[in-house]
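Before any comments, here is the structure.
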Amino acid sequence: MTDTLTRDAIAQKIKRLEYRNMAFIDGHFVPARSGKTFPTLNPATGEVLTEVAACDTEDVDLAVKAARRAFDLGVWSRLAPAERKAIMKRFADLIDEHRLELAILESLEAGKPIGECFNVDIPDTANTIRWNAETADKLYDAVAPTAPDVVATVRREPLGVVGAVLPWNFPAMMVGWKLGPALVTGNCVIVKPAQLTSLTTIRIAELGHQAGIPAGVLNVVPGLGSTAGQALGMHPDVDLIAFTGSTAVGRRFLEYSAATNLKRVALELGGKNPQVVMPDVSDLKTVASNVLASAFWNMGENCSAGSRLIVHRSIKDALLDEMLVQLETEWKTGDPLDPEVRLGALIQKDHMDKVLGFIDRAKAAGLTALTGGEQILEETGGYFVAPTIFDDVPTDAEIAREEIFGPVLAVIPFDTEDEAIAIANDTCYGLAASLWSDDLSTVHRMSAAIRAGTVSVNCFSEGDITTPFGGYKQSGFGGRDKSVYAHEHYTELKTTWIKVG
Ligand code: NDP
């Protein structure tokens, strides 16, 4: 890995940057059949980066046909697992080799800080594909405990054609989380990136092709949700939709499935995640730095953002004081291409206005922002919102209940452990939670009581590639991203029952 993250390296790379902005179908870049395009913008400046192919029903159908053909020919699904592993490892290596280029694309199109893209998002994408690749020839299927006159094998088989529909907040990571398990289990995939962030996904597909993934196995159809997304959801020859995005659109995919071929639907949806801080914590500095990271990482545009700080009343003010100091000194906001910046731009003006709407309504309801509460850096033309903390938020306030998907933290005090658990679970979501306590028994009791897919204790974490990621309740169902558990929703179980003569 030769790339380093310096201002000079970034400037040099940007000069030579070429945008891949067409669909990628059956191993070729192609324009949309209609010839239509849509602009994709840099949210830090409001400027158009390029025009992207606007795929619709016809393009999706071409991609599904290419994927089905590749699947039926067995050019991928019937490779020896070790061969799939080798190609996927090359794919991961190529992502690593293009780390800076991909990090810049990701930062330019999504407004994300380049340091995060370079140090977290792109390496995580490569690592996810590599880790899944390694499982190809290490997981065994089963022989059932039948009577001696029968041999019954239970094998996992690929589903066939998978549609992956992605959100805009982690474009590269989400493509990795879907492609890793889908490809290693032998499926052919059509990816529909979010219209706001297509560029990294298209480039990653090209690198996959370069690594040796056969034509038709990995396709990308950029376009709008209401056109390309719906066409994929409704297509009668798609076997699974693996979706990450909002709960509202997740519901739509269930409707598409019910109205068509009962395709499987795996949903990773939203969250309104609690961070519970118990009064026995001794290291408030560490708690403060993790609470801030959980709330404001990726500008709060994160399904696992800890947007509710549920803190014991006796330590609330001391913790908030420490957080305000760290926010001031350690959280530089501004140009996402500056390696020192930790808070970049929100994804688009409409989304910024939505976030500011939540803030304005909270103020109108009498809540006080301890810090932030407004748009900043307007002179850049970009969509920046100051990190915002509201203190003493009632549990029924809009900002304590709705997923804001922006840098807004609601602080909710509590007095007893039971009250803390009740507040943490008082949400229709259950994606992630953090718990802070120095007492082992408290940790065991409370982490069991909190209803969330991942409870991180004394840290802010989504786990790593070895642990499943996904939610309880309306945060999704039908599958988990990451770990070998993810393979389950990309495979069918096939029983072969052999009578022994
Ligand atoms: P959306 O649900 O709006 O969009 C997700 C994808 O669905 C996009 O590709 C979008 O297309 C597409 N889409 C939109 N409408 C339709 C439709 N009617 N039919 C078919 N497809 C459609 O989510 P966002 O992109 O705004 O992402 C934010 C959401 O994602 C948040 O709620 C967040 O919590 C959740 N999320 C969950 C994660 C998890 O792992 N649980 C991880 C990351 C985010 P387009 O935008 O191009 O129109």
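Placement of Cβ uses the backbone N, Cα and C atoms for every residue, glycine included.
The feature active site is assigned by TrEMBL to Glu268. According to DSSP, Glu268 (active site) is assigned to a strand segment.
Residues belonging to the domain 'Aldehyde dehydrogenase' (30-495) score a mean pLDDT of 98 in the model. According to TrEMBL, the feature domain 'Aldehyde dehydrogenase' maps to 30-495.
Counted within 10 Å of its Cβ, the other Cβ atoms near Glu268 (active site) come to 27, all protein chains included.
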